[in-house]
Each structure stands twice: as C-alpha cells, then as structure tokens.
C-alpha cells in the first residue's frame with residue numbers, strides 16, 4: 001500500500017516521493033530535518049527530527065487508486081524564497097516544509113495534517129506560530145539569479161517535478177493551530193501547502209518605541225489628573241459634611257491615586273534614566289519602581305476589602321484609627337517585599353531583546369536572573385488580588401442592580417449612573433492590570449497597546465468617576481455609591 005520513497009537533492013532543497021494507495025489503512029508518518037531532509041519514519045535519524053502525520057482521510061477522498069505524495073524540505077536562506085517584505089519574525093532553522101498529494105489542491109480537511117517542528121526550549125520573549133505560504137498576500141523578496149519561481153523546480157529524481165512557490169505572497173496562519181512545547185511545536189492544519197514555524201518576538205523595535213511613546217504621554221497626563229483627583233477629594237472632604245463611611249472611602253481613593261502618581265513618576269524616571277545610570281543608582285531606581293507598583297496593587301486590594309466590609313458585612317463595623325491602619329498596610333507591606341528582594345540582589349538593569357538578541361529597551365527593574373521574584377511578587381500577588389476584587393465587584397454590581405428594582409428608587413432610576421458605578425469600580429479595583437496576563441500569544445501587540453493606554457489613563461478614569469459620583473447633588477440618585485451603601489444597610493437591618 002505504501003511503496004518505497006525516492007529522494008531528490010538540490011542545494012537547499014530535499015524531496016521525498018511516495019506512492020500511496022487510496023486503500024491505505026494506516027496514517028502516513030514521515031520525519032524531516034533541516035540537514036537530512038524528509039524520510040520514512042522507520043529511517044534512523046540522529047538528533048531531534050520533525051515529524052509529518054498524514055491522516056488516511058486525505059487519500060480516501062481522492063478518486064485515483066494510487067497517488068503520489070511529495071514532501072519538500074527547503075532551506076530558504078540558500079534558495080532566497082519565502083521571504084516577506086519587512087518580515088520581523090524568524091523562520092525556524094530557515095526551514096520550510098511543502099506537502100502535496102496528487103495533482104489537485106487539498107483543503108478543508110476534517111482530520112488535519114500534523115507537522116511537528118523540533119526545537120530546543122525557545123528563549124524568553126519568543127512566540128512560535130504555525131503559518132503557511134499564501135501566494136495572494138503581498139509581494140515577497142527573492143534573490144536574483146536563483147531561478148526558482150511558481151511552478152516546478154527540477155530535481156534528480158525521475159517523474160514529475162516538485163512544485164515550489166515562494167516568489168510572491170506572504171505568511172498566513174489561517175487554518176493552522178499552534179501547540180507549543182518544550183522540545184517541539186505541533187502544527188495542525190486543514191490544508192496542504194508549504195508550512196513553517198515563525199518565531200515572533202514579543203516586542204520588536206518599532207512596537208517597543210511606539211509603546212514607550214504612548215506610555216510616556218499617558219503617564220504625564222495621568223500624573224496631572226492624579227493631582228487634580230487628590231485636590232478634589234481633599235476639597236470635598238473639607239468643604240462638605242459626609243458620613244464617616246464616605247470620608248474613609250475618600251481617604252482610600254486619595255491613597256490609591258497617590259500610589260498611581262508615584263508609579264507613573266517612577267516609570268518616567270526609569271525610562272528616562274535607565275541605560276545611563278550607575279549600577280547602584282539603577283538598583284535603587286528598580287527597587288523604587290517595584291515598590292510603587294506593589295503599593296498600587298496593595299491599595300487596589302484595600303479598596304476591595306473596604307467594599308467587602310460595606311457590602312458583605314454591611315453593619316456595625318468600627319475599627320479605631322481605621323484609615324491610619326490601612327495606610328500602614330498599603331505603604332508598609334511593599335517595603336518588606338522590596339527589602340527582601342533588594343537584599344538578595346534582584347534589582348538591576350533589565351534588557352528587552354528581540355529574537356536576534358538586538359536590545360530594544362533598557363529598564364531598571366528585576367534582572368533576568370531573578371525572574372522568579374517577578375512572577376511571585378508581581379504576577380502571583382496581583383493574581384490573588386484580582387480574583388478577590390472581581391468577586392467583590394460581582395457582589396457590588398448585583399446589589400446595585402437589585403436596588404434599581406425596588407419601589408423606593410423607581411423615581412430616581414438612572415441606568416447610566418449604575419453603569420458608571422460598575423465601570424468606575426472595575427477601574428478602581430485594578431482590573432485593567434489583568435490585561436498583562438493576555439500579553440502572551442499572537443495578539444500580544446494589540447493587547448500591549450490596550451494595556452499601556454488603559455493603565456496610563458487610569459488616573460483620568462478615577463477622576464471622572466469621583467467627580468460624577470461624589471460631588472453633592474440637590475437630590476441623591478440611586479446610582480451613587482453612598483446611596484447604594486445606605487440602602488443596602490437599611491435593607492439588611494430590616495431583614496434582621
């Protein structure tokens with residue numbers, strides 16, 4: 001059912017031809033490597049090799065009783081084909097694998113063809129992506145004088161020539177699923193054509209510069225609005241008479257916005273001075289930036305705790321010097337974490353690099369040697385805070401919506417204000433920082449832009465939210481936070 005294969009050899013191009021019967025009962029398995037080319041799976045291979053898994057469904061759908069399978073392994077660096085204009089990603093081992101079965105084009109496979117590209121553990125900041133060559137996409141560059149084009153490439157084997165494309169088009173991922181692994185990446189595709197594994201840098205030079213520009217402008221604006229917010233909170237706290245709960249809330253907001261102000265200032269100092277500072281100064285600047293970030297996270301957690309006391313515990317909670325104790329936690333706990341991290345030497349210059357080891361940014365931060373400190377103190381710490389705050393956010397939103405349906409507030413129903421409460425709390429509880437967990441993968445660049453913009457403008461969102469909800473009105477509406485708290489307390493007291 002599966003006849004012996006024939007090999008074709010050309011500089012930078014290796015092929016394998018197999019005659020496969022339509023009645024084949026087992027999937028066709030082929031190995032390949034950049035040096036040895038394609039071969040039957042039972043051939044002894046040295047080192048790690050890639051694998052091709054052709055399901056039997058491909059052959060059963062064909063009309064002819066026997067079909068010729070052509071597997072091509074190309075070195076695109078030698079041949080000068082399959083190169084996009086302004087391509088930033090690297091092709092793994094400069095290797096492209098082409099698969100053709102019979103004379104016709106095959107697509108829409110229910111049981112996909114699987115290609116395993118063998119590789120060592122990829123460096124940090126590199127994202128593998130399975131792609132195929134789409135002739136209709138763009139215009140590629142080719143090396144003059146190679147003599148390869150759309151059509152056929154001559155080989156040393158008898159029979160039909162091996163079809164090769166690559167002078168026009170570009171890489172596309174449509175129809176292919178990427179499954180990364182430590183020792184290889186599996187590509188599952190629903191069609192047959194030319195495939196490769198692209199190694200995309202999480203950040204390229206142009207994207208990094210654009211993000212730095214957006215972040216710098218956003219931080220400057222956020223610092224200005226943070227000052228406005230602090231001044232506004234102090235003004236209404238002194239000018240108007242509020243109940244103690246609202247005064248504590250305003251104190252919490254001032255501290256949170258203050259931590260955001262310090263974080264934005266630390267980032268601007270970091271981006272402006274890193275790469276030109278003394279190593280000791282860089283360590284101090286890295287510790288300061290880390291401290292400001294942890295303060296921001298801690299104060300969002302304390303905002304969630306305050307909402308928990310107001311909306312879950314609801315009644316009769318009095319703690320002596322409550323706000324002062326919160327300040328001790330919010331500003332004191334990060335000191336302990338940063339102190340321990342500093343003692344073990346975690347801070348220093350951190351370089352952001354592309355796949356070709358080109359440095360695109362310098363930051364005074366946690367060094368690459370101590371990335372575990374970053375994962376524990378930043379990712380792990382915020383992950384716990386995010387889960388808790390989102391649970392509180394759900395409770396607050398549910399209670400706010402339930403109060404909208406009560407008879408006592410029917411005359412003051414303003415859905416837009418309830419939506420504003422929800423959006424403000426969502427920002428107040430630091431939910432926008434969760435986008436950092438989505439900055440890995442194919443869509444990392446758009447998410448990075450969204451993450452940078454939203455967190456840079458977090459101070460503006462909080463300012464608008466506080467002005468709309470806390471500035472006294474002639475008639476308190478059902479959307480205000482203080483009204484929700486008061487109504488919830490009244491409801492709970494009546495139930496008791």
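A Cβ is built for glycine as well, from the same backbone N, Cα and C atoms used for every other residue.
Per TrEMBL, the features are as follows:
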DOMAIN    30-205  domain 'GAIN-B'
TRANSMEM  211-236  transmembrane segment
DOMAIN    215-470  domain 'G-protein coupled receptors family 2 profile 2'
TRANSMEM  248-268  transmembrane segment
TRANSMEM  288-311  transmembrane segment
TRANSMEM  323-344  transmembrane segment
TRANSMEM  375-397  transmembrane segment
TRANSMEM  418-442  transmembrane segment
TRANSMEM  448-471  transmembrane segment
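Contact between the transmembrane segment (288-311) and the transmembrane segment (448-471) is absent: fewer than three CB pairs lie under 8 Å, with pairs separated by 6 or more positions in sequence. Remote same-chain residues near the transmembrane segment (211-236) are listed as 203, 242, 250, 253-254, 257-258, 260-261, 264-265, 267-268, 271, 361, 448-449, 452-453, 455-460, 462-463, 466-467, 470-472 (criterion: CB distance under 8 Å, separation of at least six residues from the stretch ends).
Computed over the domain 'GAIN-B' (30-205), the whole-number mean pLDDT of the model equals 77. Listed by sequence, the residues of this chain that lie at least six past the ends of the transmembrane segment (248-268) yet keep a Cβ under 8 A from its Cβ atoms are 215-216, 219-220, 222-223, 226-227, 229-230, 233-234, 236-237, 242, 285, 288-289, 292-293, 295-296, 298-300, 302-303, 306, 322-323, 326-327, 330-331, 428, 456, 458-459, 462-463, 466, 470, 481.
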